[in-house]
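Heads up, the thing below is written out as structure tokens.
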Amino acid sequence: MAVKVEMSPVEIKNKKPYLEWGLTEKEYDFISEKLLERLPNYTETGLFSVMWSEHCSYKKSKPVLREFPNRNERVLQGPGEGAGIVDIGDNQAVVFKAESHNHPSAVEPYEGAATGVGGIIRDIFSMGARPIAMLDSLHFGEIDNAHTRYLINEVVAGIGGYGNCMGIPTVGGETTFDECYSGNPLVNAMCVGIMDQKDMQKGQAKGVGNAVMYVGAKTGRDGIHGATFASADFADDRETQRSAVQVGDPFMEKLLMEACLELTSQHKKWLVGIQDMGAAGIVSSSCEMASKAGSGMDLTLDNVPQRETEMSAYEIMLSESQERMLLCVRAGFEEKVKSLFKDYGLEAVVIGRVTDGNDYVLRHHGEIVTNIPVSSLTDDVLEEPSEERKPERITQAESLSNWIPEFTDAKEILRKLLVQPTIASKEIFTQTYDSQVRTNTVVGPGSDAAVLRIRRTNKALAMTSDGNGRFVYLDPFVGGQIAVLEAAANLIASGALPLAMTDCLNYGDPNDPEIYWELHQSVLGMSEACRVLNTPVISGNVSLYNENNGEAIYPTPMVGMVGLVKDINKHLTNIFKNSGAKVFLVGNTRADFAGSEIQKMLTGKISGMLNAIDTEFESKKLFKLLQAIEAGLVDSAHDLSEGGLAVGLVESTFSSDVGLDIELKTMKAQDLFSETPGRFVVSVTPEKVEKFVEIMEDDCMEIGETTAKQKVHLKCQNADFEIQVAEAQKIWEEAIPCLMK
Amino acid sequence: MKIAVVVFPGSNCDIDLFEALHTVCGAAVEYVSHKRDNLDGFDAVMLPGGFSYGDYLRCGAIARFSNIMPAIVEFAKQGKPVFGTCNGFQILTEAGLLPGALKQNDSLKFICKTVSLTVENNQTLFTTQYKKKETIALPIAHADGSYYADEETLAELEENHQVVFRYAGENPNGSLNNIAGITNKAGNVLGMMPHPERAVEAILGNLDGLRLFKSLLENGKVTTEEAVR
Amino acid sequence: MVNVRIFVTYKQSVFNPQGETITDAIHSLGFSAVKKVNVGKFFDLQIEPNDKSVEEIVSQVSEQLLVNFNLETYHYEVMEEA
Amino acid sequence: MVNVRIFVTYKQSVFNPQGETITDAIHSLGFSAVKKVNVGKFFDLQIEPNDKSVEEIVSQVSEQLLVNFNLETYHYEVMEEA
Ligand SMILES: Nc1ncnc2c1ncn2[C@@H]1O[C@H](COP(=O)(O)OP(=O)(O)O)[C@@H](O)[C@H]1O
Ligand SMILES: [Mg+2]
């Protein structure tokens, strides 16, 4: 490969290559006139362009992210590190974060998804935590064409391929389908880890003279400008030998993880800080580590292990090769660290030192190729005020009355809902994930939340990831509230106290004022719900510019939430356990059809306004239910979401031995399919009913009982029908496999 | 009885075996690195599931050349108990300690679920606590678990009662003769794709794997010769 | 009937961990003479050309199905008669 | 430096699910002219022969590592000079 002759600073000023790398003219001028007071050279311009990208700097979303509450009595580490950390007692802590890999997955779905998983796992073990579980949140187009099927197959295979090999169980997540995601699938991955609090690490490089060490895979030219690349770049790439796609090597990462965990748990004296190399590789990890400690840094790029020849400083610094970590090692312990990694077959190399002051100095081939203040990369980013405007469609919807379903055959509606891809069984995907490795998975994919026991304690962690772009699209504020509420409801249905949350904010182009308004409003809605539920946002990720042929996706915030089950024996699943139990509906049912599954099914689109939500009221109800569950009064609990009560009831009979006899005296047939949030179906053995009702008061309504017959009998004011459990389960299970053929 | 759980680069069910044997069954267990060259002091050796060496080339193909392998081969020759699950089974076939090979599942996909198995031989060191022809349920989690051997080998396996576990009902991966687990001729080496170590605790919903480890721990007290048939 | 062999390899710049792991294994077996290993796959197609030429079929099948151009590249050879 | 390409395929008696799946996929793309697909892998070795001949090295590496004779068989070709 020929060495490219790099443009001189003056040529850069005149030819403006930085525009293509994502830097605006205004930013470039600010950098050269105010920050450096000289023209940046080629390498430096590259560094600014990635560090000032939205992906690394959050320059667009920062003002909005400040809305999130991120502290409470349990939070040990909030946003700002690889992942957030929450106290779970016994000197242990849970660590988690979510990350999006939407754009890479649209281009190369297998590797895009796989490297997304690899990246989020590194964020967790870089905190000193042992990753114990993965969750994924996937949104695709409708399964009616070969390309979508290809994307689904490859993304799912990529997530499984990486997690399975790492030996980290993938225990939960969500998969939805909607036309708006067809060219721009959303691939969000969340990793949860557990640690002893004494092992907590930070991504910092302090102490003049301490070593900066590089460990893991060699650096290649992959993923350069990963933050800004577009699929169009690849169309003409067929004939070339070049590829910017990052390829994951989970085997390497497994070794890296075990070695790093040995270092962080057993050799704390050797280590000052540790951070993974994610987006924008060496540059972002090194300058962030220096910035957090208020240090300078001096790196010699010739020492960076490289697997391609003649890489320029620019390429070395911007490469997004996977499976690499950066360490700050106390001077004098370099050899010890090297030999630890060597034991795992890995090479650790000193690439530089921590220095006094604020200078970020890079050397290559005997020359200084960069000399700029650390803070210019990390702190001086120009935050640009964004314009906001309420979309026309919402103003219009406010003046119209909401759609109400009309139908005659409720049973037929139920059958049709059960085969809607967003409702139907996802087992065809989840069974390609090893959900049990490490033998802690008490509840795997399929229930409301996954539950993992914590060995040698009586506790467990529950975890879920949820999002519903349709609601957020119709009403960002209420949709944001619902996203958080739904995640909390999933945890509570499993018997867990919600602790904290992470998020991935997936939106369109933020320069569009309407999209920015959606982002802002939905974050306000989420924040409000978080405050009320006391679930601070401890980590997260933003993915903007999700567009498909110029059309934005639905604004789709993914909420990942983790909860604590105090007594593992009290955890619940959504499946009825015994016949003869009383069935209760918790929560009131309103006419909530805007954005519902039945609306989409019957009208082919979504429309209308969402009803306002009283989160204080919802929260009280949720915690009452948790109290009842923790008191051992409840046999099973299922929170109601897509498809509403009828779907929830039927789902809770699947793979059980029981049927149902339900009478809803106050409801009409359409109410069976309303999607009012904050509701649950729970079963209670008769002798516990009195105590249960005492706690729940009028937040619950007895609606029938479980029977020994394998059928569901549903009766309301204007409908009365039966459906065999086996039949319902069969169509629900076969729907997606059939579409995927 | 002291048991070695061998850890290869990329093993990931090592902890599951360890916990099943140690925490659940109370056995003396130690992790043994692939770099070690002997199994002195051990009475049984177990090869865990996972992705040794990334499963690059073929599953188990590279692990077979690790430092510890000659010791395992020698251990097996002496008639001492050797057990491999999932990737461990693949390594045992690659090393020639068990006949045949494991190829990609017919579905071409990784599959993780609980399957039904028939216990075909309850006279091995590992299965005396099961009933013959008993149906049990164990989890599987693999992409390459389709057992293959040529006809002659298959006939021999059947004739010598070396097929210990067979998939009952649905065959999840295309294994010939529905084979899920086999022993060597002497009966002291067992390889199986299902994961008994994932089914030893009530809290995880399945106890069917427990008796495998209990059988071994009980039979380990007597000499191998006596325990085999 | 025409027999075609399509060779698919990773592009040169794409990181291919398999090759390195296999090289290491070969070295640990003592074959230091082997300096480098690359791994690829091939597809043998039996084609009975109809309205389309063999070239057309091969290039279309490769591009639509067999080759992932993000990472891979291919070439093919027509083999002797079956 | 000698470049050798080692071809590894399943033995004919061994069912290779990949081949069938790919054939089906090709047909569903409308290429009925493709009658049969076989899949294999190949290894390109760069060898600098020392005390052993290239044949010895190739056959030993294949037999000890690259090929599983329960399922697979192989042959190799010496390629043009690098
Ligand atoms: N939507 C969000 N909500 C809360 N915190 C966020 C959000 N997005 C980013 N953060 C926080 O900002 C920091 C930087 O995030 P990011 O650049 O994605 O991390 P990484 O460098 O590991 O990829 C992290 O601490 C992250 O948790
Ligand atoms: Mg739910």
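In case you wondered, yes, glycine gets a Cβ from its N, Cα and C as well.
Because TrEMBL annotations are produced automatically, they should be read as predictions rather than curated entries.
The annotation domain 'Phosphoribosylformylglycinamidine synthase linker' is assigned in TrEMBL to A:12-59. Residues or ranges marked as active site by TrEMBL: A:His55. Summarising the annotation, TrEMBL assigns ATP binding site to A:Tyr58, A:Lys97, A:Asp503, A:Gly540. If you look up TrEMBL, you'll see A:80-195, A:446-565 marked as domain 'PurM-like N-terminal'. Annotation source TrEMBL lists Mg(2+) 1 binding site at A:Glu99, A:Asn541. Per TrEMBL, substrate binding site is recorded for A:Ser100, A:His101, A:Asn102, A:His103, A:Arg122, A:Gln246, A:Glu320, A:Ser321, A:Gln322, A:Ser543. The active site, proton acceptor annotation in TrEMBL covers A:His101. According to TrEMBL, the feature Mg(2+) 2 binding site maps to A:Asp123, A:Asp276. Summarising the annotation, TrEMBL assigns domain 'PurM-like C-terminal' to A:208-363, A:580-715.
The structure, with features from TrEMBL marked on it.
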residue  : record                       : Cβ contacts under 8 Å, 6 or more apart
A:Tyr58  : ATP binding site             : A:Leu65, A:Val542
A:Lys97  : ATP binding site             : A:Gly82, A:Ala83, A:Gly84, A:Ile120, A:Asp123, A:Ile124, A:Met190, A:Cys191, A:Thr502, A:Ser539, A:Gly540, A:Asn541
A:Glu99  : Mg(2+) 1 binding site        : A:Gly116, A:Gly119, A:Ile120, A:Asp123, A:Asn188, A:Ala189, A:Met190, A:Gly278, A:Cys504, A:Asn541
A:Ser100 : substrate binding site       : A:Gly116, A:Leu186, A:Val187, A:Asn188, A:Cys504, A:Asn506, A:Asn541, A:Val542, A:Ser543, A:Met558
A:His101 : active site, proton acceptor : A:Gly112, A:Ala113, A:Thr115, A:Gly116, A:Gly119, A:Val187, A:Asn188, A:Ala189
A:Asn102 : substrate binding site       : A:Asn184, A:Pro185, A:Leu186, A:Val187, A:Asn188, A:Asn506, A:Ser543, A:Asn546
A:Asp276 : Mg(2+) 2 binding site        : A:Gly82, A:Gly119, A:Arg122, A:Asp123, A:Ser126, A:Ser285, A:Arg324, A:Met325, A:Leu326
A:His55, A:Arg122 as recorded positions, winner by CB count within 10 A: A:Arg122
Site with most surrounding Cβ atoms, counting all protein chains shown within 10 Å, from the binding-site residues A:Gln322, A:Asn541: A:Gln322
Distance-selected recorded positions near ligand 1 (C-beta under 6 Å), from A:His55, A:His101, A:Asp503, A:Asn541: A:Asp503, A:Asn541
Residue counts (helix, strand, coil, in that order) that DSSP gives for the domain 'Phosphoribosylformylglycinamidine synthase linker' (A:12-59): 33 helix, 0 strand, 15 coil
A:Asp123, A:Glu320, A:Asp503 as binding-site residues, winner by CB count within 10 A: A:Asp503
Integer Å distance between the CA atoms belonging to the residue listed as 'active site' and A:Asp503 (ATP binding site): 15
Cβ packing number for A:Gly540 (ATP binding site), 10 Å threshold: 26
Within the predicted model, mean pLDDT of the domain 'PurM-like N-terminal' (A:446-565): 97
Assigned conformation of A:Arg122 (substrate binding site) - DSSP reduced to three states: helix
Env. residues of ATP site, Cβ within 8 Å of mean position of A:Tyr58, A:Lys97, A:Asp503, A:Gly540 Cβ: A:Leu65, A:Pro79, A:Ala98, A:Thr502, A:Cys504, A:Leu505, A:Val537, A:Ser539, A:Asn541, A:Val542
